[in-house]
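Here's the structure, in structure tokens; my notes come after.
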């Protein structure tokens, strides 16, 4: 513990000396992120890698560190069927990029947690997730990530990074979740935010916004605003993550002083809580709902669901807040999900009982610009619809409560053990019960605007594949 404390102090000194005046950077394809229902309900973005550059659609994950792409793969997804179109996915190859080189086994970034592939003469990795035997295995390579300044000038930046050349993917990576790569945004030195800051390209901070209509944005070097609320990170873990402390839960007219820690994880669609926090939330919510309980015919990941009458147009739920360490309040804009079933419509409190870690998922982040400030070692948040600041111009406005898929599509995503904290979930076949919740993500409801996003994605993705193939 003393050794880790020394490392953290040295890290703070190093971060304090880093520049915070560099402009924010974002991806060359733009800073807009898309929550795509058909691909595991995670947030995705287009990235450009290599020379010449090729485009990939990757899931954004603050719960893991490594950015990997399917690469010269023997087991990976090579095409998607979206809106009736068969879309070919780009597959990364180090041999096709003049700026690519393999990371040698003696490289400092290889580290004790990586192995050496003698046959490939490179540092090897295998990141294993506990969701349906999900993993990515391959070697580490250095290459160029194409970024632009997000200051109105769009100045190109060719950022040297390390990424995973994913030769073998298994589990959910073959079944619809993150089929074209996973973009880890964690604290480890191999993550892209860490690399950008270490090279002085940006401040050691980034921001993600989660719009209520499924659109958002991401910026590297984003330090947030002076009036944002903050809470400190807990860095005592063996593998530091975006772990914060909650001190109080407020559900309507009931408040409970309760201290627990939780990880803010963009790779998780719903929120997972252990007891006693889970019981405080669910029982407090249940006591203030007037609608009758709904019991699905098959096993369901949500325990607290309520039936709406056939002609019911609205319903009332209690306000819900988390008080964070330091005293700032985090209001929950989107704690429920609507579901359709054979007899009508119901709504559920979208919190899953966890058997291990507490995870604050995307549904709790909706309506906020979340800043992961690794210089100040704080999480920041400010209410936002993600496109009023002038950084992004989107033609879609706010939406009302959404239509929802049937209960049969829900399946939680598992929490990995000693590697990235998230992997995309996939939908079980209709009528089959989802597995017991073990950690990360499930899914979120569709909406009219989300359908527009899928259409927009199909068009954009088809365009990018044609242009960059």
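Start at 1 and count along the chain as shown; that gives each residue its number.
For all residues, glycine too, the Cβ spot is worked out from N, Cα and C.
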For the annotation region 'Disordered' in TrEMBL, which listed range does it cover: 340-391, 392-443?
392-443
Give the distance between the Cα atoms of residue 61 (active site) and residue 265 (active site), rounded to the nearest whole Å.
7
Can you tell which of the active-site residues (61, 265) has the fewest other C-beta atoms within 10 angstroms of its C-beta?
61
